[in-house]
Amino acid sequence: MPDRDTNSSMNSHDDTYKCSLGSDDFILVEEIVSGRKTSTVETVQGICFCVKQKLCRTVAMKNVRRRVPILNWLPCYSVQDGLGDIMSGVTVGLTVIPQSMAYAGLAGLPPQYGLYGSFLGTFIYTFVGSCKDVPMGPTAIVSLMTYSTLHGYGPEYATLLCFLTGVIQLAMGVCGLGIIIDFVSGPVSSGFTSAVALLIIASQIKDLIGVHGTGSSLWEMMCSLYRDIDTISYGDTVIGVGCIVFLLVLRVIAEVRIGPADPGQQSCVQKYTNKSFWLIGSIRNSIIVISCTVMSYMFISAQDESFKLPYKIIGTIPAGLPEFRLPQFTMQRNNETIGFFDIMSTMKSNVVVLPLIGLLENISICKAFANGKTVDATQELLAIGLCNIGNSFVQSFPGSGSFSRSAVNNASGVRTPLGGLYTSILVIVALLFLTPYFYYIPKTCLAAVIITAVVFMVEVRVVKPIYRSKKSDLIPGMFTFFACLFLPLEIGVLFGIGLNLTSILYHAARPKISIQEYKTRAGFKYLMLTPDRCLVFPSADYVRNLVTKHSLKRDMPVVIDCSHVYGADFTAAKVIEMLTKDFSDRGQALFFYNLKPSVVDVFRGVKPKELVFYYNKKELDRLLQKSTEQRHTMLQPLLQKK
C-alpha cells in the first residue's frame, strides 16, 4: 500500500492542467478480500464447511428466536402489556371490520371475503411478525392490485392469487431477497402511492353516486362514469357525501386536545376528555357504518315489500367462518376446465408485482414505527408470506399491513404483536354473530370509508422537499405517478422502478475521472487520471476512451490512480489488456498507482501485455526514467535516418 508521502508530494507540485469529467452523484465501493489461489479440493472443502456452518446457524437458538420473534417477547409479557394489547386490539378490530368489507368491494369481491382475510393472517403474524404495530389484512393498495389482476374472474382466482403471493414472498424470504426493497426509491414509492390513492378514489365514485362504472386505469374509469352519469342515484349520493363529511369531522375531533400540551399538567377530566375525543375519531369508520346500518334497518323495516329502496345495500352475507381448505389450482368456467398455467397467464406479471407491492407497504409501516430500531426486511417477507398462505386456506384475497390501522394500533398503546390476536377474535365474533345485520349496510357508506381513508395517501407534501433536495429525483417520481394513472398499475410501477434503476446504472457507467498534470522531483512530467469508483463492465469502455483521448492530446507518460478502485470484473480486465497494448504499441508509458492486490489478480487473469504498477514515489521516478530511456532508444534510429 502507498505511504502518505506519495499523495502529499504529488499534490505539492504545480498543476499545469486540471479538469473533471463524468458523474460524481454515486460512488460505488465493492470490498474484495484478496488471498492466495486455492485448489479445487480446497474449494470443495470450503463449500462443504460453509454448508455445514449454515445448517448449524439455521438450527441455532439465536436464529430460531430471530425467525420466530414471539420467543423473544413472550417470556417477558406482563399484565400491563396485556391491557395495552387488549385495548389496541379491540380498537383496531372496530376499524378493520368496516374497512375490510369495503376493501373487498374495491377488489371486486363480496364483502365477506374482506372479513375472511382479517383473522387468520393477523393471528399468524402474532408469532412471526417483527413489528408490533402491523395488523395484517386487506389494504387499499393491494386490493386495487387484486382487482386489476382478477379481471372479474371471481373469488376462486383471488384465493389462488393470495396463495401464490404468499408462496413467492415466502420463497423470497427464504432466499434472503428482502434487499430487493432497497431498489425502490422514496420518490418512486411516493409517486406510486399517490397514483394508487387517486385511482382508488376514482374507482369508488361509482358506488358513492350509485352508478355502474368499470375500468382499471383513470381514463377508463372517467369514461365509464361519463357514460353512466345519467343514471346517478340521488339517495346514494346524499348518504355517501354525508358519510364523507361526518368522517372528516370525526377525524378532526380525534386531533382535538384541551388543556395544556403536556399530558403531565392536564387534569383527570382533561385527560379522559382527550382520550374520548381520540377514541371517537379512531373508530369513526365503525361509528358511521353502525349508524348507517341502524338507520337503514329502521327505514327498510318501515316499508312494505313492494317499496323500492332509493339506495343500494350490501345484501346477504353468509354467516359463520369460511371452510378451511386448499385453494383451487384448476377452475371451471363456462363448462370448461381451466388449468393452472392458463390461470397464471391471465394474471400476467401481477403475480410477481403484487408480492413486491405488499412487501413495500409492509416495510414502509415497519420503518415508520421502528423508533430507531432496524427493520429486518427478510423476516417481514417470511411473515407476510406465511400470513397470505394461511389466508388462502380460508378463501381470502392478498393482504398486507395497513397504514391507517397501524396508526390506530400505535396510538392505542399496543405493546406487542399479541394485539393482533384480539383483533382476530373480534372479526371471528362478527362473522359468527353479526353478519345478518351487515345486510342493511349501504354500499355508498363503505365507499365513503375508503375515500376518506385513502385521500390522505396522496403525498403532495413530499414534492417540495424532493425539489429542494435534488430536483432530478422528481423525474422517476412523476413518471411513476402518471404511468400508474394512465397505464395498467403493474406496468406503471415497473416502469418507475426501471427508470430509477436506469438512473443508477447511468451513474455507475459514467464515473467521475479527475485529470491532472504533475511533475516529479526528478523533473519528469506525467498525466494522472483518477477514477472515483470500481471498474466494472458498464464503465470500462468509457474509462478507456477518456484515458486514450487525453493521453493522445499530451505526449507524456500516463498514470492511472487506482486508490478508489476496490474491485473490477472480467470486462474491465479485457479493456485494461487492450489499453496496455495500445500504449505499448505507440511507445507511451502507462502505469497503475495503488492497485489493490485483488484487482491485480483480476487483471492478470487475461494476461495483459504490460501491466506496470507501483505504490510509492520512488518507484514512479524509477519507472519514468526507465520509460524515458526506452523511448530515446526507440527514437534513436529514426533520428539517425534524418
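Using N, Cα and C of the backbone, Cβ positions are placed for all residues, glycine too.
Curation plays no part in TrEMBL annotations; they are all automatic predictions.
Annotated transmembrane segment per TrEMBL: 157-180, 232-254, 277-300, 421-440, 446-467, 479-506, in sequence order. Summarising the annotation, TrEMBL assigns domain 'STAS' to 535-604.
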(message) Give the nonlocal contacts of the transmembrane segment (157-180) in its own chain as ranges (CB under 8 Å, at least six residues past its ends).
(response) 107, 109, 113, 117, 146, 149-150, 327-329, 331, 343-344, 346-347, 350-352, 354-356, 358-359, 376-382, 384-392, 395-399
(message) Below 8 Å between Cβ atoms, which of the listed ranges 232-254, 277-300, 446-467, 479-506 makes the most pairs with the transmembrane segment (421-440)?
(response) 277-300
(message) Within the domain 'STAS' (535-604), what mean pLDDT does the predicted structure show?
(response) 85
(request) Mind checking which residues of the chain, 6+ beyond the ends of the transmembrane segment (232-254), have their Cβ under 8 Å from one of its Cβ atoms? (result) 207-211, 277-278, 280-282, 284-285, 287-288, 292, 309-312, 442-445, 447-449, 451-452
(message) Using a Cβ cut-off under 8 Å, which residues of the same chain at least 6 positions beyond either end of the transmembrane segment (446-467) come close to it?
(response) 98-99, 101-103, 105-106, 111, 140, 186-187, 190, 193-194, 196-198, 200-201, 204-205, 207-208, 240-241, 243-244, 247-248, 251, 285, 288-289, 314, 403-404, 473-474, 477
(request) Using DSSP, tally how many residues of the domain 'STAS' (535-604) sit in helix, strand and coil. (result) 41 helix, 10 strand, 19 coil
